[in-house]
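Feature annotations, courtesy of Swiss-Prot:
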- 1-401: region 'Interaction with TSGA10' (REGION)
- 7-30: compositional bias 'Basic and acidic residues' (COMPBIAS)
- 170-191: region 'Required for heterodimer formation with ARNT' (REGION)
- 228-298: domain 'PAS 2' (DOMAIN)
- Ser247: phosphoserine (MOD_RES)
- Pro402: 4-hydroxyproline (MOD_RES)
- 492-516: compositional bias 'Polar residues' (COMPBIAS)
- 530-574: region 'NTAD' (REGION)
- Lys531: N6-acetyllysine (MOD_RES)
- Ser550: phosphoserine (MOD_RES)
- Thr554: phosphothreonine (MOD_RES)
- Pro563: 4-hydroxyproline (MOD_RES)
- Ser575: phosphoserine (MOD_RES)
- 575-784: region 'ID' (REGION)
- Ser588: phosphoserine (MOD_RES)
- 654-667: compositional bias 'Polar residues' (COMPBIAS)
- Ser657: phosphoserine (MOD_RES)
- 785-825: region 'CTAD' (REGION)
- Cys799: S-nitrosocysteine (MOD_RES)
- Asn802: (3S)-3-hydroxyasparagine (MOD_RES)
Amino acid sequence: MEGAGGENEKKKMSSERRKEKSRDAARSRRSKESEVFYELAHQLPLPHNVSSHLDKASVMRLTISYLRVRKLLDAGDLDIEDEMKAQMNCFYLKAPDGFVMVLTDDGDMIYISDNVNKYMGLTQFELTGHSVFDFTHPCDHEEMREMLTHRNGPVRKGKEQNTQRSFFLRMKCTLTSRGRTMNIKSATWKVLHCTGHIHVYDTSSNQPQCGYKKPPMTCLVLICEPIPHPSNIEIPLDSKTFLSRHSLDMKFSYCDERITELMGYEPEELLGRSIYEYYHALDSDHLTKTHHDMFTKGQVTTGQYRMLAKRGGYVWVETQATVIYNTKDSQPQCIVCVNYVVSGIIQHDLIFSLQQTESVLKPVESSDMKMTQLFTKVESEDTSCLFDKLKKEPDALTLLAPAAGDTIISLDFGSDDTETEDQQLEDVPLYNDVMFPSSNEKLNINLAMSPLPASETPKPLRSSADPALNQEVALKLESSPESLGLSFTMPQIQDQPASPSDGSTRQSSPEPNSPSEYCFDVDSDMVNVFKLELVEKLFAEDTEAKNPFSAQDTDLDLEMLAPYIPMDDDFQLRSFDQLSPLESNSPSPPSVSTVTGFQQTQLQKPTITVTAATATTATTTDESKAVTKDNIEDIKILIASPPSTQVPQEMTTAKASAYSGTHSRTASPDRAGKRVIEKTDKAHPRSLNLSVTLNQRNTVPEEELNPRTIALQNAQRKRKMEHDGSLFQAAGIGTLLQQPGDRAPTMSLSWKRVKGYISSEQDGMEQKTIFLIPSDLACRLLGQSMDESGLPQLTSYDCEVNAPIQGSRNLLQGEELLRALDQVN
């Protein structure tokens, strides 16, 4: 028994020794293996901090990849690098917007550049030696294998095998939108545009002596560029880049306006049209496949293709397209494209599609287009030129037909009548400071601010209800030794203490010097003020065509006729002297005189002063003072004066008034008590400081106006309104045929724009004074004979009138007015 026990102990001891020796041997082998891997890791072209932390599998993986790369490099004919090439090596990876990857025929990544971490978040040593199929989308594996396959079969004579590769690959990315890295298990897919070629390396020169011939080594060299998302583009787009958005059928839903400069298209004309209509036919197959990849993988880059320009030819474009998905149901919503135009228009004289012929073929001009061009041209034209155009296109005049309810004026363009009217127009000196620019000053007048629509065609101020009015218009257009002054004054909110002005000063106020003082400019805002019903009421006329310059033989006194009150409901017939007790309830300060009752309700808004009389202090008589060059220069100085200077404007009070002395049966009401109110707009220091003469109220608020006085005033206002309106209106109709280019609409509408100007500019915050330079025709008017009785002398009091608000309900009409006039006389 003892012997058997001793043998068992010996066996145990021997087995333990063997196990210990085995462990020691394994430990020794592992240590030697570790030393080998350590030495091998340090032979790799990797930083020490990276190679020292590699496991054995990684060392073997990287070593194999390194040997394969060396094999590729040895197989190629490499030149010895000089110092210049060695310095340029560091810039090669910065040129492409991506990283370099080399794959074997079985998909192993034997090389990948170190800047892959910048785009994918994965490091170089984590990818090198691994299979590309471990990091790509499963749906792309089949396409990836096709790209790696190189067919070595026979090739047709004269045709080389295509080794170029371009495809889109979805690869794992551990980068977040904020630039942080995540775990590989949580990685997302990023679309890479991979371009490169297949390289076949023949290694037969380095084969061993045994005679065994190794097969050539096939590698796929790629440059992988990630496609940026449109929402993450950090670099601002240059002028050669435009954005576009498309629906899922590739129709435009938005396009950047920069496409107009680059290709000639307007963004509006592209909306709703397919992008395929603008592709070159030779690139349609390539782009169709690209769009298929876009819907499959989410992003694509088209590469350079040809896109047709609008007026012929094409440009080279490269597009980055991204499918935008709905955040709720993850369904595709639209496509956003970033289009880079890489060339100018090539072969611009060639037509490639029907869309390009739209800009080449001359469109058929319709009568609408011709008439629009004819009556909206700003250049000046001769009368004969206009006559020839209208003679060739007589049917085009139907476009100027008035709206329903308007009066139709027949236009006769016969040669005899035209010559007769031209002769009459030459004999009539017209006020052309607003309607016509002076030939000496070359004033520029914008035609776009004056014309009215076709339904508001200007009409002569004539009335069948008052035939004597037509004679009065013609008589007042005759030459006159007297000149007229016209002033329309509107109050302003800010009040300043009134400066005293004695009666002698007002009596020495000079007469208006020239007819140009009747003419005044208006702003382009007046076009928006007119209404059709107001124009129809103001310019009611007879249906039969009459000569506006014809005069009747019988001399009728307008004061004995019923007053013609325009049915314009915008203003009241009020002046500074006759203010009713109702004005005492106005919210305006008592120191500010108002023009009309309508203006009193708008005193919270600053208004405008339009003054046509030039400022002067010289005492004049009834004899008119001719306009000289000195007067014109004085007016120019007033216009060019700096805004900070004070320009006093004194309203004239002519002694030889049209309604005083022998010119009228009733003298003008006493206007003693005028005072000059210095208006200084402190809120606008650059505005002119105007000194405007206003009439002081002498009426007691409790007393009522005498009906006789009202009737007399209405008759006077009616005469003045018809006289002033006839001047502008008759001149406008006559000159429409004389110079139709750019002045007739402005001239014929001047009187209407005066009334609208006061009401439309009440919303402005500044007070303006507009001076007009007298023109050559105004000088002709002053140079006429002084033998005949001509234009009556009107004062500022006579001109400060407007139309009533309540119409004729409170006014005397017909026989009642005649009886009131007889009692006054």
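Going from the start of the chain as shown, residues are counted 1 onward.
Heads up, the Cβ atoms here are built off N, Cα and C, so glycines get one too.
Model, not experiment: these values are computed from the prediction.
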Is it possible to list how many residues within the compositional bias 'Basic and acidic residues' (7-30) are helical, extended or coil according to DSSP?
24 helix, 0 strand, 0 coil
Suppose we draw a 10 Å sphere around the Cβ of Ser247 (phosphoserine). How many other Cβ atoms does it contain, all chains included?
13
How many of the residues that make up the region 'Required for heterodimer formation with ARNT' (170-191) does DSSP mark as helix, as strand and as coil?
3 helix, 10 strand, 9 coil
Specify the secondary structure state of Ser247 (phosphoserine) as given by DSSP, simplified to three classes.
coil
Along the region 'ID' (575-784), what average pLDDT does this model show?
45
